[in-house]
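Asker: Quick paste from Swiss-Prot:
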- 4-126: domain 'RNase III' (DOMAIN)
- E39, D112, E115: Mg(2+) binding site (BINDING)
- D43: active site (ACT_SITE)
- E115: active site (ACT_SITE)
- 153-226: domain 'DRBM' (DOMAIN)
Amino acid sequence: MNHLDRLERKIGYRFNDIALLKQALTHRSAATQHNERLEFLGDSILNFTIAEALYHQFPRCNEGELSRMRATLVREPTLAILARQFELGDYMSLGSGELKNGGFRRESILADCVEAIIGAMSLDQGLAVTTQVIRNWYQQLLAEIKPGDNQKDAKTRLQEYLQGKHLPLPTYEVVNIQGEAHCQIFTVKCKVKSAEKIDRTFVAKGSSRRKAEQAAAEQILKELDIK
C-alpha cells in the first residue's frame with residue numbers, strides 16, 4: 001500500500017484518476033500544476049453541499065441563521081480540523097520555502113487543500129458522489145451544530161468586538177490580485193485599532209476577496225486573543 005492509498009482510506013474515497021489527487025495536494029510553491037483551480041471548484045461545491053444539508057436539517061431557520069451556520073462549517077479553522085484528521089500535512093507537496101516555514105501546519109494551506117480535494121473528487125466521479133463524501137465528513141459537525149449567536153463568521157465577530165470596545169471598524173483593502181481571471185489569488189490588508197489604541201495591520205490571501213477578508217479577520221481574532 002502506497003502513501004496515497006492510505007490517504008484515500010482516510011478520506012473515504014478512491015480516485016479513478018490518481019493524478020487529480022496528486023494535483024489537489026500540490027501547493028503553488030511546489031509546481032506550476034498546483035491545486036488552486038481545484039480549490040476554486042471545491043469551495044463552490046462545499047458551500048452548496050453544506051447549504052443544502054442545512055436547508056433540509058433546519059426547515060424553520062431563516063436565511064440569516066442558515067448563512068451563519070454555513071459560515072461556521074466552511075470557515076478555515078473547521079476545514080483545518082478536517083485536514084488534520086486526514087493528516088493532509090503528511091501528503092502535501094510544498095516548495096522548500098513553505099516547508100521551512102511550516103506550511104504543512106498552516107491552517108490556510110490545509111483548508112485550501114481540503115477544498116482542492118473536493119474539486120478533484122467532483123472531476124473524478126461527479127457531483128453526486130462528491131456531495132455524499134462531504135456529508136460523510138461532516139456527519140458529526142452537522143449533528144452538533146445549532147442555530148444561535150455563536151454561529152458568526154470572523155468578520156462579524158471582529159466587528160462586534162470593536163463596536164463593543166467603542167473602537168473604529170476594521171478597513172479591508174485589496175492590495176494585490178495574482179493569476180488569471182478564472183484562478184485569482186487576492187491579497188487583502190486589514191487595519192484595526194487595538195484596545196490600546198494602537199493601529200495594527202494584518203495581511204491575508206484567499207482565492208476570492210471574501211475568503212481573503214475572512215482569513216485576515218481570523219488572523220486578527222487569534223493575534224488579539226478575541227473569543
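In case you wondered, yes, glycine gets a Cβ from its N, Cα and C as well.
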Asker: Using a Cβ-Cβ cut-off under 8 angstroms and a sequence gap of six or more, which residues of the chain neighbour D112 (Mg(2+) binding site)?
Answerer: N35, E36, E39, S207
Asker: Given the recorded positions D43, E115, which one is most crowded in terms of C-beta atoms within 10 angstroms?
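Answerer: The residue with the densest Cβ neighbourhood is E115.
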Asker: Within 8 Å of the centroid of the Cβ atoms of E39, D112, E115, which other residues of that chain place their own Cβ, given that this set defines the recorded Mg(2+) site?
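Answerer: For the Mg(2+) site the neighbour list reads N35, E36, L38, F40, G42, D43, A111, C113, V114, A116, G119, S207.
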Asker: Over the span of the domain 'RNase III' (4-126), count residues by DSSP class, listing helix, strand and coil in order.
Answerer: 90 helix, 2 strand, 31 coil
Asker: Mind tallying the domain 'DRBM' (153-226) by DSSP state, helix then strand then coil?
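Answerer: Here the numbers are 26 helix, 25 strand, 23 coil.
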Asker: How far is it from D43 (active site) to E115 (Mg(2+) binding site), counting Cα to Cα, in Å?
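Answerer: Rounded to a whole number, the Cα-Cα distance is 5 Å.
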